[in-house]
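Annotated in Swiss-Prot:
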- His127, Asp156, Asp160, Asp247: Mn(2+) 1 binding site (BINDING)
- Asp156, His158, Asp247, Asp249: Mn(2+) 2 binding site (BINDING)
Amino acid sequence: MTMALTQNLWQGRVDDGERGDTTRLFRIVHVLEAADVTPLDGAPVLLGFNCDAGVLRNQGRPGAAHGPDAIRQALANVPAHGLPALYDAGNVSCDDGDLESAQLALAGTVRDVLARGGLPLVLGGGHEVAWGTWQGLRAHLDAQDDGGRVLIINIDAHFDLRTSRPASSGTPFDQIANACAERGQPFDYVCLGVSRLSNTPALFSRADALGVCYVEDVDMQERHLESRLAELAARIDATDHLYLTIDLDALPAAVMPAVSAPAACGVPLTVVEEIAMLARHSGKLRVADLAEYNPQYDRDHQGARVAARLAWRLFG
């Protein structure tokens, strides 16, 4: 496991000859040094998780370890639109197959960003990122002696509730469920975009046994958007803290080809964007992550731009 900063990735177009505000994100990004303890006052902080060890363990296609830097490059040229600051905390890299150590390192960095008042946005990497992200949030809340409820909203074609071990990209929410049970805390998990053709009856049974609230992909289409947003708003109102995780394989393959398991149906990008904005403006979003972007299977950087667009919706 290694840590690396990414300042050289932030390059883009300069339009100083044009009138008005032409600032792009690469011009406002700041490298977040671990030794710096300056309060972040709610500023967004990017953190990469260069790992697809969990995808490999889950018999998927590798390549997501290269996702975070490709998403940064797509973000670099996005107009800032008045965003005062964006921070980059570098990458946690799992370069030796030791997934568990990488997840602990990720958790520590997420905890530290939260302690400074930042909003961590973790860029995966496989969806094994979720176990590290959640542990970081939980560690921060424990340090604050905060026993408030944590709602997890996962936009995903898969439950990721596999009970098999060792842990993989298919197990993070089962791991979280077990951790919540050990702590005597509720497991508040909403999974949106589940594909019945990509999850076995055993996984549906596991979700039912855990009391998971799930909505299948066919019921996440634009015609259902108003109802879905109202339901989510009610759930968010009833919680104290929100963790939003977006597995990019929830999107239709035509929109997001660059994942290990492209979706035949999927959730429309406009629907995912609306949910991201609902979370962002709720005042309860504590941490978010984007998982499974795999540049090896991208077309003309389409997937990177989609991931960057969703990232922007979460902090712009």
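Any Cβ shown, glycine's included, is placed from N, Cα and C.
Positions of the features from Swiss-Prot, shown on the structure.
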residue	record	Cβ neighbours (10 Å)
His127	Mn(2+) 1 binding site	32
Asp156	Mn(2+) 1 binding site	29
His158	Mn(2+) 2 binding site	25
Asp160	Mn(2+) 1 binding site	29
Asp247	Mn(2+) 1 binding site	30
Asp249	Mn(2+) 2 binding site	27
Distance, Asp249 (Mn(2+) 2 binding site) to His127 (Mn(2+) 1 binding site) (CA atoms, angstrom): 10
Pairwise Cα distance for Asp247 (Mn(2+) 1 binding site)/His158 (Mn(2+) 2 binding site) [Å, integer]: 9
Distance from Asp249 (Mn(2+) 2 binding site) back to Asp156 (Mn(2+) 1 binding site), taken between C-alpha atoms, in Å: 7
Integer Cα-Cα distance in angstrom, Asp249 (Mn(2+) 2 binding site) to Asp160 (Mn(2+) 1 binding site): 12
